[in-house]
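Chemist: Pasting a structure below so you can have a look.
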Amino acid sequence: MAEPVTVYPGDRRFAYLALAPSVALVLMLIAVPTVAIFALAVQDVPLGRYSGDFVGLANFRRLFADADFYAALGNTFIWIGGSVGLEMLFGTGLALLLNQRFPLRWLARTILLAPYLLPTIVAVLVWRYMFDDIVGIVNHIAISAGLVARPIQWLTSPRVALLSVILIGVWKFTPFVVIAILGILQSIPGEQYDAAKLDGAGPVRRFVTITLPHILPVFVLTALLRTIWTAHKFDLIYLLTGGGPINATTTLPVLVYVRGFHDFDAGGASAIALVILLLIALLLVPYLLIHRWSEARQ
Amino acid sequence: MNATFEPAATASGAKPSRRSVIKGLAGAAVGAVALAAPRIARAAEPIRFLHDETDPPTIEFFNKAIAAFEADNPGLKIEMEAVGSAGRLQKVTAMLNAHTMPEIFKILPEERFSFGRQGFLEPLDDVINAIGVDQYPDRMIAPIDGKRYSIPYTIGHSSVFWYRQDLLEAAGVELPRTWDEYIATAAKLTTGDQFGTVFPANKNRVTSLFFSQYYWSAGGTYFDKDLNLVFGGDAAVAALDFQKRLFASVPPGVVNYVNNDLVNAYLTEKVALVSWAGRLVSTAAANKPDLVTRTRAGKRPAGPAGVGVGFANPNNLALASEAVGARNVGAAKEFLQYILTGDRAVDFALTAYPHLIPPTAAVRSDPRLLAGTPALAGRNDLAEASFDISDTLDFESEAGAKIEGGKVELSGVTNPYIGAIIAKDIPAQIVQQVLLQDKAPADAVAWGQAQMESALAAARKG
């Protein structure tokens, strides 16, 4: 048994002193901006000023009467649902595949993980170029193969743009899911599968009774993280489409940017930012409940 | 004696206490700051310079000019930053809010009223007077409440009608002279992945700019000479109808186009007729010289009012005020005058010839400029077309303008409010509603009128 540690008053003071820079940094980088957003959301702040007139909940009333907000909210749900759903589906499938033994498995793993390592701006430029209406390879192949007569408006049709953005997001971020699930898959003892095989369990039964319970906590945690990160994703969408055409790909984070830096409406932008905060908090609840349940099961 | 890094012993020989170590570290930190402070205080404040002229030769010019200025003015330092046009205003907005504005920065004509009145800018009358007020076109240095808060460094002429002579000849068509001919010619030149023409339909300023020149060509203006909002009517509907009919002959990606995409579309040789700035030719000359030989410039097709009205406005530099973070205003003025005059002004214009049109008469008539660049030798026709800004308007000067006797007549009124409408991309959104959402032009115009009235009310309220 370890010896109890005696803490002297001087030690405590030193500990606080040592922690002070980190606490100050955290306060400066997280607490101050968060408080500032709450403060800005109830003010009408003119361009070039740090603060403005107190307007109470007027920014929220304006927001909830704004059709653009509801369009962005709808797009945000589609963006989160589509992206996270497909990423988890493909990510888990690919992880199961990469967990099997086959020739050049190392190469397949490297290639599959590459999109996640690419900087977003590079990925965006590559996809914008590939989807270009004039010189894009995708349209060139489609036209050459006789599939379409005119270029498809991948990122410029209000009907197709959000789907295109989701697919590019899935391509970019699925490797994160692969890494997470593959890691836990590799920790499952092979003897369990051997024993199950001896007992006559088929692949499906082995997956349901051995694999699934093992990966479930990591699966839930990964889905949770991907949901949070996807909910406030800005760069990929803005760089691909700028939120257009019309408002077809404007999600809430993009709307925050438009209100803040295009309409010079810091109060309105802050109100939307708080809605995003609330939205993420609400999305976390079911995930956390499932996570607690799966932990308890284990 | 060799220095050691053993813990120093106290006079009593005991190890130092934690308190004494902290005191020592704090003392050392204070000492370091105290020693460094005079050095920091002596260092000159740099002059920060933000612009959106990102052509490599232009950047090279600025670097050389900055080096020469710094050599002539020891102790002064220029920090330059070039940003893309699309993100310029957002960067400026963030800097205004953070009170970290660069001393010198690019500003659009319609922005300077709002910025000037809010105290974000330093007057530049002394610099303009030193260069010569009569050197500039009147409408490009219009004062705000008696003061001039920006200085033109080029004239942006965004509507030279460039066309591919070889494609027109191959298709057996003439250069279109009217809107109907333009629609028919563009349609004839559109086959497969080849497009007759191009215009932007993004939610941005350049889309507003294109719509505005069509609207003016149909005889409309946003404001009358008394600065009443008069947007709408048959002219707006005619302009939208025209764009809708022309839309069948443009690349489908125009919905996402920004300025450079118009040039890129032409350089891919997939587009035959393009109304855009001289950058199209300067970029082609640098990257695809053979395309220049097949390029001509013609008169813009006339709209229902009898003229194809173009768009030309000054590209300005402004000086931020100390209220928003500028530090070295006096020296910044010196630098501003330095780069905008003398050989520098000619050298600058030649970095993207014939795109960078000098705003001063003296530079425009400089023999070196008139000789042009070797890449465009023998093609004075292209430069002349770019430099010809007759029958053009801009957002500031369009109030009350009329088309009379086949010419654009200005009312002479400068509009300080139109920036609020353009900054919100309202004209561009009207275009998008018609082209992408199949809204009837009259309905889109009605929506735009309401939006403009609302934006205007807020702008007038200040």
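Quick reminder: no glycine exception, Cβ is built from N, Cα and C everywhere.
So TrEMBL lists these for the protein:
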DOMAIN    A:73-285  domain 'ABC transmembrane type-1'
TRANSMEM  A:14-42  transmembrane segment
TRANSMEM  A:77-98  transmembrane segment
TRANSMEM  A:110-128  transmembrane segment
TRANSMEM  A:134-153  transmembrane segment
TRANSMEM  A:160-184  transmembrane segment
TRANSMEM  A:204-225  transmembrane segment
TRANSMEM  A:237-258  transmembrane segment
TRANSMEM  A:270-290  transmembrane segment
Chemist: Residues sitting near the transmembrane segment (A:14-42): Cβ under 8 Å, six or more positions beyond its termini, same chain?
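Modeler: For the transmembrane segment (A:14-42), the list is 51, 54-57, 59-60, 266-267, 269-271, 273-274.
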Chemist: For the transmembrane segment (A:204-225), which partner among A:77-98, A:160-184, A:237-258, A:270-290 gives the most CB pairs under 8 Å?
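Modeler: Most Cβ pairs under 8 Å with the transmembrane segment (A:204-225) come from A:160-184.
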Chemist: Six or more residues beyond either end and a Cβ under 8 Å away: which residues meet both conditions relative to the transmembrane segment (A:270-290)?
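Modeler: Same-chain contacts beyond the flanks: 37-38, 40-41, 59-60, 62-63, 69, 72-73, 76, 80, 220, 223-224, 227-228, 231-232, 252-253, 255-256, 259-260.
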